[in-house]
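I have placed the structure first, in the form of structure tokens, so that the comments after it can refer back to it.
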């Protein structure tokens, strides 16, 4: 029965905080659908370094085969000895492929990949917590991590070995391999996703023939995430890989890549859990725009289309991304998009949520953006004036009001005549009219 | 198409009635999404005003051109167009609606696309067979060979609606398109195709079901993505229903067996979830030979999700077993697995089982129930998880039918008594609701001895819902055992609570009197209850006082007119001049004899809740 005492209950109910605290960091086994065969006990093999060089290869293979034995880590008392032997062997194998040259002979490749596949490729189990909220809840950790970590480590060292030959490995590290690797990105365990990220990046770098396939599959994962399940734990990691992939795209960009930007990356902004991967996503978008500035207009229009309507937290993220884009925007592109963009910004500064208003007003602290605004002041000032004017009088938050005064001052200095005209059309409110005469003070 | 033009036209005719339409048309272009949305929702009004001709030549092209809009607007548009047939001039012209719907069927947003497909399916029925081939089927083909996955997924939902009504050449083309989409390289499209496989199979001729559908089914059921494979399981039900029994073994069973042992738990879960449907579709022989072992495996699956889904189906599966050796199959194959599930490590599994396990007793009969099932029920009644206990309690009646209440109560009573004090109020509530039945069957003596104290203890439960249910329970008991029993056993206890220091308990007295007076009759009400109620009119807590007013109104009809005049009326008059607004209100209501629902409070009584709050505070201070 529950360990919560009656005194901690309110009217028979447990406080939510108590329930949350009761949950411990759980770990979870892999969903291996096996035919319930108990693992055979392992017996230690001699050390590789002690074996004569003629027998090393054979021993290496034996050790790889030994490591194909899988153990149940949810049961922490069974097979302790064998688990320890396998751990030590894996350690030795990691060491062996990272320090020795000439160990990756052709017959070793199938053995190596077989060991890796057997260990890491598994169906991820259902989440212990069906309403898992990646922002709130502790992830469930992989119980078999003591072994799986070493296998990942081994895979990485294998790929990074100077003798590694993609031309041989591609027979084993093929599309099916990559597909299974990508499925693992849904793991709740952040340690696993981190390894996967590095590994997939290496594979992308070394296997030219798999590149298009990898991109397409990531594409599919994202589309499924956006339009079907809204659930995938590895979005941030995949975006991180993509960030560096985009960086390497040749110019002019292929239609496929542009389509990816417009039909996948931009709609990704609609996801509920955007906060978890927004930084990586914005990085990818900016990478694209740096490659090809003509994409700026459609990208910004896309963001405006998906602009958050009720979630202030997301709105702040969107504003952050817009600033990142404006940081690299070309003045000609800016002209194309300034009107719809500043209409949105003008809505943001009047947002009753002060963080949204504040984030929008911070644009005026950015020198480059200021120069763009100044250049186009005749277009932007009329859009912004009404909102700024109103908010200078109405916003509940004194910080926002102070910021607005500063912005009004800056805008006034950019084009005094236009400012006066706009103020005159608002003469019913003499306060700003006075301020516009250059006696603006922040004492308000 | 311009609103201004319409209003001018209207002006020329001297008809102002078109003016609102002009506004709506202008608003279709408005910058404000909400206005566009409102206008789209009135699209049928616009079309009606424009007439069929202008709707076809102007409104529809305009809508087709402005398809880039907010998804919300597009969704409304997609829905509207499904009901537009008459507005474009009837079935003869229904194909005019295809271009805008085709564009909508290709947008990214799933809900819009689905709605467009739904509308297309709807209007497909309004096409003549010729129009279907000339206009509709080419659209399906275009969608099926679209560049982006969205149009191809939409196409999947349209094959089955046009297939039955086209010529055999076109049919062949449609089958070909469907085949192509089943092996599309985008998983989204394969998923869409797999989810429509069953539906498509139903409209195909049997020979093509055997030649085409089966190979597609087999391929989808061994897709590299588990999300595709699991959809094939769903299709399996429809396909198996279509095939003659003798073909099932060769055409369907290999795939189904494979799905039941799929390495992905999601697929196995789907098999478990669809198990009853599958069982019906494949018939008794295959069930006996194949499904029984498969079901056993699912009940023992390594993933709790799968076990829970299978546990949910235990009763249905057993019920649908062929009767000739049903009992033997259950006893030797299913029951051992069920026994293990009773002590499963996962509470969802146990609770799924608890919700159906009682149903087995009707299938297995009295002796087996007592010998084999009762121990399981008892174990589940003592389960640490309240949901498991609750599920058992709420299904006690089906066991009752089989083994009789005396047997049931003897074995279950200790557990029930324990649960009556369960920490979870919903469990206590379930027990209370079961009490009148139990009491009726057990008889007065047994009840007084074992259960009466419990029933009284619930009256002072700290959860209102329990006190309320307990009150209601007393009423039902009195209806069963009679007024005399009430007078001796419960009335004194209930009236005793009128002096309780806790005002909530004092109010419970009043609630009980409300509930019991009718069943107890005039004499008890007048002689025993009324004096207590009247005395409580001096209570220091306003909530008690206005409940006195309510109670007096409630028991009024049972009292004789003498008591009403000499005793009730003066008290109500006194309450009507109470310092508290709510007390005054309810007293006046009672005097005027107006009946009002108990939950209704006078409009000015927002303070009422505040008052309760103050009372509670007072009590805390007094403690």
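Cβ from N, Cα, C; glycine included.
All TrEMBL annotations are machine predictions without curation.
Taken from TrEMBL, the feature repeat 'HEAT' applies to B:20-58 (among others). Per DSSP, the secondary structure of the repeat 'HEAT' (B:20-58) breaks down as 33 helix, 0 strand, 6 coil.
The domain 'Phosphatase 2A Regulatory Subunit A helical' annotation in TrEMBL covers B:97-278.
Here TrEMBL flags B:97-135 (among others) as repeat 'HEAT'. Taking H, G and I as helix, E and B as strand and the rest as coil, DSSP gives the repeat 'HEAT' (B:97-135) the counts 30 helix, 0 strand, 9 coil.
Beyond the ends of the repeat 'HEAT' (B:174-212), by six or more residues, the same chain brings 137, 140-141, 144-145, 149, 152-157, 159-160, 162-164, 166, 219-220, 223, 225, 227-228, 231-232, 234-239, 242-243, 247, 251 to within a C-beta distance below 8 angstroms of the stretch. Taken from TrEMBL, the feature repeat 'HEAT' covers B:174-212 (among others).
According to TrEMBL, the repeat 'HEAT' annotation covers B:213-251 (among others). Here the repeat 'HEAT' (B:213-251) returns a mean pLDDT of 91 for the predicted model.
Taken from TrEMBL, the feature repeat 'HEAT' covers B:252-290 (among others).
Same-chain neighbours of the repeat 'HEAT' (B:291-328): 257, 260-261, 265, 268-269, 271-273, 275-276, 278-280, 282, 284, 334, 337-338, 340-341, 344-346, 348-349, 352-353, 355-357, 359-360, 363-365, 368, counting only residues six or more beyond its ends whose CB sits under 8 Å from a CB of the stretch. The repeat 'HEAT' annotation in TrEMBL covers B:291-328 (among others).
The repeat 'HEAT' annotation in TrEMBL covers B:334-372 (among others). Nonlocal intrachain contacts for the repeat 'HEAT' (B:334-372), taken as residues 6+ away from its ends with a CB within less than 8 angstroms of a stretch CB, comprise 292, 295-296, 299-300, 304-305, 307-309, 311-319, 326-327, 379-380, 383, 385, 387-389, 391-392, 395-396, 398-399, 401-403, 407.
What TrEMBL records for B:373-411 (among others) is repeat 'HEAT'. Remote same-chain partners of the repeat 'HEAT' (B:373-411), defined as residues 6 or more beyond its termini with a Cβ less than 8 Å from a stretch Cβ, comprise 338-339, 342-343, 347, 350-351, 353-355, 357-362, 364-366, 418-419, 422-424, 426-427, 430-431, 434, 437-438, 441-442, 446.
Residue counts for the repeat 'HEAT' (B:412-450) under DSSP, split into helix (H, G, I), strand (E, B) and coil, are 33 helix, 0 strand, 6 coil. Marked as repeat 'HEAT' by TrEMBL: B:412-450 (among others).
Sequence-distant contacts of the repeat 'HEAT' (B:490-528) (same chain, six or more residues past either end, CB-CB distance under 8 Å): 452, 455-456, 459-460, 467-468, 471-472, 474-475, 477-479, 483, 535-536, 539, 541, 543-544, 547-548, 550-551, 554-555, 558-560, 563, 615, 619, 622. Marked as repeat 'HEAT' by TrEMBL: B:490-528 (among others).
Sequence-distant neighbours of the repeat 'HEAT' (B:529-567) (same chain, 6+ residues past either end, Cβ-Cβ under 8 Å): 491, 495, 498, 503, 506-507, 509-511, 513-514, 516-518, 520-522, 574-575, 578, 580, 582-583, 585-587, 589-590, 593, 595, 598, 608, 611-612, 615. Annotated repeat 'HEAT' per TrEMBL: B:529-567 (among others), in sequence order.
For the repeat 'HEAT' (B:412-450), the list of distant contacts is 377-378, 381-382, 386, 389-390, 393-394, 396-397, 400, 405-406, 457-458, 461, 463, 465-466, 469-470, 473, 476-477, 480-481, 485, 489: same-chain residues at least six beyond its ends, Cβ to Cβ under 8 Å. Here the repeat 'HEAT' (B:97-135) has Cβ contacts under 8 Å with residues 60, 63-64, 67, 71, 74-75, 77-79, 81-85, 88, 91, 142-143, 146, 148, 150-151, 153-154, 157-158, 161-162, 165-167, 170 of the same chain, all six or more residues outside its ends.
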